[in-house]
Amino acid sequence: MANTKKVCVVGAGVVGLSTAYCLANCGGNIEVTVIAEKFSPNTTGDGAAGKWYPSHLSQTPEIDQRRWGSITYQWLLDLTFSDLADSVGVSLVSGYHFFEYYPKDPHWKDMVLFFRRATNREIEKINENGYYVVKTGWFYTTFFLNCETYLPWLMAKFRKLGGKVIQRRVESLSELGGKYDCIVNCSGLGSYQLADDKSLYPIWGQLARVNAPWIKHFISFYSKEKKDAYIMPRATDVVLGIYNEPHRWENKVDDEIHEETMQRIYSVMPSLKNAKVTWKWSGLRPARPAVRLENDQLNVNGKKLPIIHNYGHGGSGITLHLGCALNATKLVIEALGMQSPGINYSYNFPRISQNYSSKL
Ligand SMILES: Cc1cc2nc3c(=O)[nH]c(=O)nc-3n(C[C@H](O)[C@H](O)[C@H](O)COP(=O)(O)OP(=O)(O)OC[C@H]3O[C@@H](n4cnc5c(N)ncnc54)[C@H](O)[C@@H]3O)c2cc1C
């Protein structure tokens, strides 16, 4: 078609695929291609717990966390109350964070449903256990998004909109010049090399999945001295963790750490000793001082190639993905000079509307 703009999204994790989907669905005359080395079920989000919860975001400004996070929370809420909840892999779950210290209330407390402080009775009950000495706690309702279900669903939607997919490694973004009018870099930790971003680093984490259908609430314990413990029920299983180590690049399951984590979990929730471990997994969070979501450009053979970076989401890629995808879409449309009242950002899903873009 005349004047069709060609956009290439590098990366098919939750950030790349949602960005590709938003671009393909934005109403502009854009042909979108995703190029990635790995696809679901082998991306970082596929193994992650998938909880909507802003974490490991370092100095990402609160204002950005709030606009990207609230859009994503609203998207998950809408999906939960649509007939798509099952096919998308989202579930609404309530639960607790307990602390051995006194944190200030989170900036997102007004964004989630039913946020409140834990009562004295709840704290006394949890302290009967004796492993952590809990001083305070939060209760709230959030989502678990199972990316092993969500990413194939997004991929099917993307393909239906005419999206193209290529599986290969990209050695440098400039190799894409001449073939595309704009590149969206959603390569996660791959940007260490692709964007030559040495501020990017991994936060290694390890999780286990168990069958424990009697667990209906998430419970996380945070301590300054002891290691943390997370119990996170999803629709299909319960995710247990956690052990985090910044700057550990080697991505391998560590059995010793697994055993140590499980003992900690068993001491706070003894019934889990009876739950069969079905899966062990380790992954690398793509961390940097702040999420990078901005315009850039490369000079390729004397021509300017617009680049939109969308990477470095740390422990919150799932929490922020849709807000970031919409923000990146807006930047692409501006970079291509396509800003016009004709472009709309609506999403053709039940109750998903232009309200999302008006918040960006
Ligand atoms: C233990 C653990 C628990 C977590 N729990 C949560 C949670 O509960 N909630 C939450 O919000 N977040 C959580 N996260 C974080 C979340 O998983 C990540 O922030 C998110 O998955 C990052 O998505 P991404 O698409 O940016 O990166 P990735 O999923 O890593 O995808 C990167 C993509 O880029 C491609 N790529 C990279 N380099 C190249 C190249 N040179 N050429 C071609 N393709 C390339 C890859 O193949 C892949 O397709 C957790 C992470 C871990 C490790």
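Each Cβ is built from the backbone N, Cα and C atoms, and glycine gets one as well.
Just so you know, TrEMBL annotations never went through curation; they're auto-generated.
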Where TrEMBL shows Tyr230, Arg285 binding D-dopa, which of Gly302, Gly312, Gly315 is named for the same site?
Gly315
From the binding-site residues listed here (Tyr230, Gly317, Thr319), select those whose CB sits under 6 A from an atom of ligand 1.
Gly317, Thr319
Of the residues named as FAD binders, Val170, Gly314, Gly315, Ser316, Gly317, Ile318, Thr319, how far apart in Å are the Cα atoms of the most distant pair?
27
Looking at the domain 'FAD dependent oxidoreductase' (6-328) alone, can you tell me the average pLDDT?
95
Under a three-state reduction of DSSP output, how is Tyr230 (D-dopa binding site) classified: helix, strand, or coil?
strand
